[in-house]
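These notes concern the structure reproduced below.
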Amino acid sequence: MAPIAIDDTTPDGTLAFFDEQDKLQEVYVHSLATGKKVVLFGVPRAFTPTCSMQHVPGFIEKSEELKAKGVEDLLLISVNDPFVMKAWKKSYAETKNVKFLGDGPAKYTHALGLELDLPFRERTRGSFKEVVVANIESGGEFTVSSADDILATL
């Protein structure tokens with residue numbers, strides 16, 4: 001399956017997360033994105049070094065700049081269950097408007113065509129409904145999908 005590309009319609013699928021009341025929720029991707037400008041960014045796994053120390057903090061730090069460019073939500077997905085994503089979110093002092101969403105069975109990652117056959121890794125990149133920017137990394141790299149890369153594209 002070819003990975004999602006610019007001008008593609010983002011497929012729908014379900015992701016899981018814990019809401020502000022600590023209730024487990026399952027949500028359709030389109031319900032999070034329809035009618036909004038959102039950034040979907042993905043990481044290989046929660047708690048991986050580059051993702052935990054650079055990728056996610058970059059989006060947290062740049063969230064106000066992204067908001068100023070019209071981005072309403074930052075949606076982080078990882079091929080982890082929602083319990084791991086909840087623990088990962090708690091590891092940050094501030095998460096601003098980054099939503100930590102779990103794709104435990106990797107079904108949504110597969111629908112995006114962004115699975116990688118790497119030990120302990122799955123990678124997703126893109127934005128929603130109609131893909132405007134598709135900064136897809138190669139083989140677990142972190143070279144084109146940072147918050148600064150997205151800001152430069154908007």
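Glycine is no exception: its Cβ is also placed from the backbone N, Cα and C atoms.
So that you can see what the record holds, here are the features copied from TrEMBL:
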ACT_SITE  Cys51  active site, cysteine sulfenic acid (-SOH) intermediate
DOMAIN    4-154  domain 'Thioredoxin'
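Take the CB of Cys51 (active site, cysteine sulfenic acid (-SOH) intermediate) and look out to 10 A: across all protein chains shown you find 21 other CB atoms. The secondary structure of Cys51 (active site, cysteine sulfenic acid (-SOH) intermediate), as reduced to three states from DSSP, is helical. As a whole-number mean, the pLDDT of the domain 'Thioredoxin' (4-154) in this prediction is 83.
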